[in-house]
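So that you can see what the record holds, here are the features copied from Swiss-Prot:
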type: REGION; residues: 1-225; note: region 'Pyrophosphorylase'
type: BINDING; residues: 6-9, 20, 71, 76-77, 98-100, 135, 150, 165, 223, 329, 347, 362, 373; note: UDP-N-acetyl-alpha-D-glucosamine binding site
type: BINDING; residues: 100, 223; note: Mg(2+) binding site
type: REGION; residues: 226-246; note: region 'Linker'
type: REGION; residues: 247-453; note: region 'N-acetyltransferase'
type: ACT_SITE; residues: 359; note: active site, proton acceptor
type: BINDING; residues: 376, 382, 383, 401, 419; note: acetyl-CoA binding site
């Protein structure tokens, strides 16, 4: 089967320099959703017709299995499909999809393809409570499709028809090429409409078959930012419903955003306003507090992530405790039972089993062993303005508050570092490391007093 995806439109009502089909739903371009669905049907040829912003669109979705046809001048949907004809296998049927209709299920498209087997012409239709503005499907007394009539051309009786044309079709390719060549642009827009092919197929004696989606929203397209927002909420509600069906506890299904793939184990609980991006895995009994952002991360069983935590490109072991207001950046790896508390940032660092950094700390480019306590205000000084260096802290080290570790530096097992120490040399196992300081007390000192105006 050939699949053609129309993605050449200008999208004027989007009021954006970005091509319409590249606007995101759930963190991915509209067109990427359509391509992903198309691939599940295993087409022999997959062609995307580009036009407005063609180079941007190509760059965004280019892949070995995708061919591109160019519609240099925007002359309608029929003209767009015509540009794809040289890339199609004429012996296979062609399914036509739209790059701004992202939520159509693969099962719906398969139903249409199955209905149109043996050389039939298939149309995806949908029945709407309010069909105003759409082309109506007109059937004869036997139920056969006789034509599609546009709103402006419909009779009063035809306007009562609730079944409308979605524009998604499947048809024999050789005949499609012939019909496209016969299209005329005698309309107000001066364009060649793909919908006009239906009448040509009927005149040629082709049987017109239809299929309908399970849900009305599967055929919704995007022409404005308001419609884009509407589809985003529909998609996110679908994701939330699937999570609930899998046993995930959501404090409010209307306040979760999944912009990628979220895999959850048993008894996972997610509070409100959480955003998941990229590829995220939450193991059994994970609890996520409110207002967290988690991107491309794996979270071990029994972990608790408190409110306002940001995690990006990190791996968390089992029973870790993170936040609130913590930040784990790419390369952060936490072993089982590690703690990273409020206003702690970890980047490209390993924190060992049971180690804790509970307050106001920066850990970057570091290897920290097991059972290490990192006091408040500790900083690994990893950057000299040109190069990054690593800090190594062995097992069972106690780091006092307000410590600076100037990398590259190695701290041995069981070391105690006194509060306020700057460590710039390696420290041997088991010692107390401190900077000698003298505390002086002066009598007779008087603090300045503000003068009253």
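Glycine is treated like the rest: Cβ placed from N, Cα and C.
Shown here: features listed in Swiss-Prot, placed on the structure.
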| residue | record | DSSP class |
| --- | --- | --- |
| 6 | UDP-N-acetyl-alpha-D-glucosamine binding site | strand |
| 76 | UDP-N-acetyl-alpha-D-glucosamine binding site | coil |
| 99 | UDP-N-acetyl-alpha-D-glucosamine binding site | coil |
| 150 | UDP-N-acetyl-alpha-D-glucosamine binding site | coil |
| 223 | Mg(2+) binding site | coil |
| 359 | active site, proton acceptor | strand |
| 373 | UDP-N-acetyl-alpha-D-glucosamine binding site | strand |
| 382 | acetyl-CoA binding site | coil |
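DSSP gives residue 419 (acetyl-CoA binding site) a coil state; it is part of no helix or strand. Neighbour counts of Cβ atoms within 10 Å were compared across the binding-site residues 6, 376, 419; the minimum falls on 419. Averaged across the region 'Linker' (226-246), pLDDT in this predicted model comes to 98. DSSP assigns residue 401 (acetyl-CoA binding site) to coil in the three-state reduction, outside any helix or strand. Among the binding-site residues 223, 376, 419, the residue whose Cα lies closest in space to that of residue 9 (UDP-N-acetyl-alpha-D-glucosamine binding site) is 223. Residue 76 (UDP-N-acetyl-alpha-D-glucosamine binding site) has a Cβ environment of 21 other Cβ atoms inside 10 Å.
Of all the binding-site residues listed here (9, 99), it is 9 whose C-beta has the fewest other C-beta atoms within 10 angstroms. Sequence-distant neighbours of residue 401 (acetyl-CoA binding site) (same chain, 6+ apart, CB under 8 A from its CB) are 375, 376, 377, 378, 419, 420.
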